[in-house]
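Taken verbatim from Swiss-Prot:
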type	residues	note
BINDING	C148, C151, C205, C208	Zn(2+) 1 binding site
BINDING	C165, C168, C191, C194	Zn(2+) 2 binding site
DOMAIN	4-68	domain 'J'
REPEAT	148-155	repeat 'CXXCXGXG motif'
REPEAT	165-172	repeat 'CXXCXGXG motif'
REPEAT	191-198	repeat 'CXXCXGXG motif'
REPEAT	205-212	repeat 'CXXCXGXG motif'
ZN_FING	135-217	zinc finger
Amino acid sequence: MARDYYEILGVSRDTDKEELKQAYRRLARKYHPDVNKEPGAEDRFKEINRAYEVLSEPETRARYDRFGPEGVSGAGAGFQDVGDMGGFADIFESIFSGFAGGMGSPTQQRRRSGPARGDDLRLDLKLDFREAVFGGEKEIRISHLENCEVCSGSGAKPGTRPRTCSTCSGSGQVRRVTRTPFGSFTQVSTCPTCNGTGMVIEDKCDACDGKGANQVTKKLKITIPAGVDNGTRLRISSEGDAGQRGGPSGDLYVYLFVNEDEEFQRDGINILSEIKISYLQAILGCRLEVDTVDGPVELIIPAGTQPNTVMKLENRGVPRLGNPVSRGDHMLNVLIDIPNKVTPEERELLEKLAKIKGDRTGKGGLEGFLGNLFK
């Protein structure tokens, strides 16, 4: 049986992204095959990588939390090559950059001057109550970086090309060796000439001022799944900022917030509301229409219904997120309206009823809920 990924990384299930990254760094440093030559270290390292690969991505983490390893059996591309690891590359660099001689420096050089993924973006979106219940299409407006169409993202004027930085020879890093009585120490820092890109643009593109990207505002249509709630996060792939040097774009994360409704409240996948009936309807029973998110529905009030009775309309609640065929219920709290005053005709009838029931009436003292009507 596969070990729990949280257990592998030594973290709790509610750990945040930063704590997860710190745990991964600590274990990756300890079990990396180039550092740890003990039997089983390489397998342990692969196990750690797999756990972090799943838990560091919000969508795969959510599937893992719900379905376990079977829910993420196809997630991730594995760890074939450190140079192709995207976000993992930065972590590895921070783990191993302190080793003498700059461990893995050829890979670091290729990475700094190679493709870089664009930044992820966040957008907060408000929904009406019924939009959150039933979902649907929503148009949003976003502002993000897109590759310059004139220079195709290179930042160089058309007809020219960036040149290799002469300061760092294209590595994006400069090294300084300090000799001491205890040995030589190498300090690695970002190249100040090319800012770590390994390339220098001499003739900048006029359209983007050499940045390779422009800020663009555009409209998008996104699909809101049925059953979303406050805090639900949607990922819109490749709609973040453009990548650098041919790298992929980041993602857009849309955080959903649901406006309150005057009539309905939500409790998980159930909907709550109140209905007010007269005392006679409560005593005798009745049929009446009540509002639901699906529209008016007939409700039968049984005779003798007591105040604060909760009545259930099955399958009239919120669709279950990810399985909209399954819905919660609509729970109605019955409030009974007892009038402060009654007409003379009503009073006469109620007094007759009180005599039949044997209740005392008049100023001498009243019993039962009818008493308030005779004051």
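The backbone N, Cα and C atoms fix where each Cβ goes, and this holds for glycine too.
Features recorded in Swiss-Prot, as mapped to the structure shown.
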residue: C148; record: Zn(2+) 1 binding site; Cβ contacts under 8 Å, 6 or more apart: G155, C205, A207, C208, K211, G212, A213, N214
residue: C151; record: Zn(2+) 1 binding site; Cβ contacts under 8 Å, 6 or more apart: K157, P158, C205, A207, C208, G212
residue: C165; record: Zn(2+) 2 binding site; Cβ contacts under 8 Å, 6 or more apart: G172, C191, T193, C194, T197, G198, M199, V200
residue: C168; record: Zn(2+) 2 binding site; Cβ contacts under 8 Å, 6 or more apart: V174, C191, T193, C194, G198
Listed binding-site residues (C191, C194, C205, C208), ranked by Cβ neighbours within 10 Å, top entry: C194
Mean of the pLDDT scores, which run from 0 to 100, over the repeat 'CXXCXGXG motif' (165-172): 87
Additional residues around Zn(2+) 2, ordered along the sequence, whose Cβ is within 8 Å of the centroid of C165, C168, C191, C194: S166, T167, S169, G170, S171, G172, Q173, V174, P192, T193, N195, G196, T197, G198, M199, V200
Shell of the Zn(2+) 1 site beyond C148, C151, C205, C208, same chain only (C-beta within 8 angstroms of their C-beta centre): E149, V150, S152, G153, S154, G155, A156, K204, D206, A207, D209, G210, K211, G212, A213, N214
